[in-house]
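The following features are taken from TrEMBL:
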DOMAIN    204-410  domain 'BAAT/Acyl-CoA thioester hydrolase C-terminal'
ACT_SITE  S232  active site, charge relay system
ACT_SITE  D326  active site, charge relay system
ACT_SITE  H360  active site, charge relay system
Amino acid sequence: APSIRLSPAARSLFDEPLAIAVQGLGPRQQVTLRTSLRDETGQLFQASAHYQAGDDGELDLARCPALPGGSFSGLEPMGLLWALQPQKPFWRLVKQDVQSPFLLQLEVFEGHGERPGRLLAQAQHERVFLRDGVRRVPVREGRIRATLFLPPGEDTVPGIIDIHGLGGGLFEHRASLLANHGFATLALAYYQFEDLPQKPNTLHLEYFEEAVNYMLQHPQVKGPGVGLLGFSKGGEVSLAMAAFLKNIMAVASLNGPVAATCIPLSYKDKTIPTLTLYEHKAKATNSKILDYSDVLDDPFQAPGNQSLIPLEKAEAQFLFIVGQDDRVVKSEYYAAEVCKLLQAQGKENFQILTCPGTGHCIDPPFFPLYPIGSHPVFHKRAVLGGELRAYSKAQVHAWSQIQAFFKKYL
C-alpha cells in the first residue's frame, strides 16, 4: 500500500524544510498530493499539486517536478508548504500561541481530476515554533510588556529586540523562531496590549530604551549592544532607536519607512513629526481593491524632510530588506535614497537586500503569501503586493541573511 515518508518524521520547526516522499505507488502512477492546515481560529489553508511517480513507484518531491494544474508546478520540494492558501479570502495565517504546533495534514489521492480521486495514503506532521529547551519568558518589568525567548543552555548569546508593525498587540512567531537559531529574542509590544496605550498620539523612544536596558542587564545576553529587527512601523521605530539611543549595534528593517509615519516619534525634547497622508491619492485596482502606494509625502523632498529619521547620527550597522512589490511603503526607494545620504556623509554602515516579487509582508519561511489585506492606517482592503513563487524564495533568502547579519555584527 502507498505510504507517505516525511523527514523529519513527526515534527519539524516551522521555518525548516520538510522532505516529502510517497512510496508504494504503481509505476508512473498519477496522483494528487494535498496539504491542509487549520489556524487557531479554525480557518483552513490548503495547497495541492499533481505528480507522476517514477518507474519504480517512488515519488520524491526533491526529484519529481509537479505537473501543471495544481497550486504550483515545477521542481519545488517545499511547494506544498509555501503554496498553502486560505479558503476564506484575504485571511492571514497568524500564530498566537507559539507553544503549540500547527498540525499539517498530508493526503495522496488517485489521479489528477477536478475532484480528488480515491484516498491512497495520509499522514500528519507537527510544525513547531520552539525547539526543545528554548524557554518562553513573559516580561512585565517596569513599563515593558514583552516575551523573551532564550536558547537552551546558560551560555551568553546575542540579544535581539523584535518590533512589529502598526496594529498593536504582541506577536511572538518571529522572535520564537529566531531563538531556535541561537539568539535571545525579545518580542516587544508597544501599544494596544494589556495596559499599554490603546491609541498613542506619540511613541516615546524612552519606552524602547527601557527594553534595550532590560536586555543588556539580562545574564544570558552578550553585550555590549543589541540588535533590532523591525517590520514596517517597527522598522521605522528601530531606525529611530539607532539614531537616538546608545548600545544599538545592528538594525534589520523589513519594509520599514525611513521617516516618521502615522504616529510621531519623540525622545527627550525632540519630536519627529509624521509625513502627511493623502488618502485621495489611493488608486482603485481592477478588482476594486485600493492601492495606497502613493499616499505618503516624499520624505526626501520638502516639506516631508523634517520627518526623516536622522540616521547619520547612528553608529549601528543597517540591513534594509525591501520588497520590490511593496504597495504600502515605498521601501525600495526609501532604502536607496537614505543610503545615498549616508554615503554622502562618508558612511558605509549599510546594505540593501532587494526581494523581487515580494510585497509588504515579509514573514519567516513557509508562512503563506498575504498579498491583499487590511491597510494598517485606513482599515480598508488594500493591495499589499507579492507573487507566490518569488515570495517563497525571498522568505528563505531574507531569513538566512537576517541571521548571518546579526551573527556578524552582534
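Glycine residues also receive a Cβ, built from the backbone N, Cα and C atoms like all the rest.
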H360 (active site, charge relay system) has its Cβ surrounded, within 10 angstroms, by a count of other Cβ atoms equal to 28
D326 (active site, charge relay system) and S232 (active site, charge relay system), compared by Cα position, are separated in whole Å by 11
Integer Å value for the Cα distance linking S232 (active site, charge relay system) with H360 (active site, charge relay system) is 8
So S232 (active site, charge relay system), by the Cβ count within 10 Å over all chains shown, scores 26
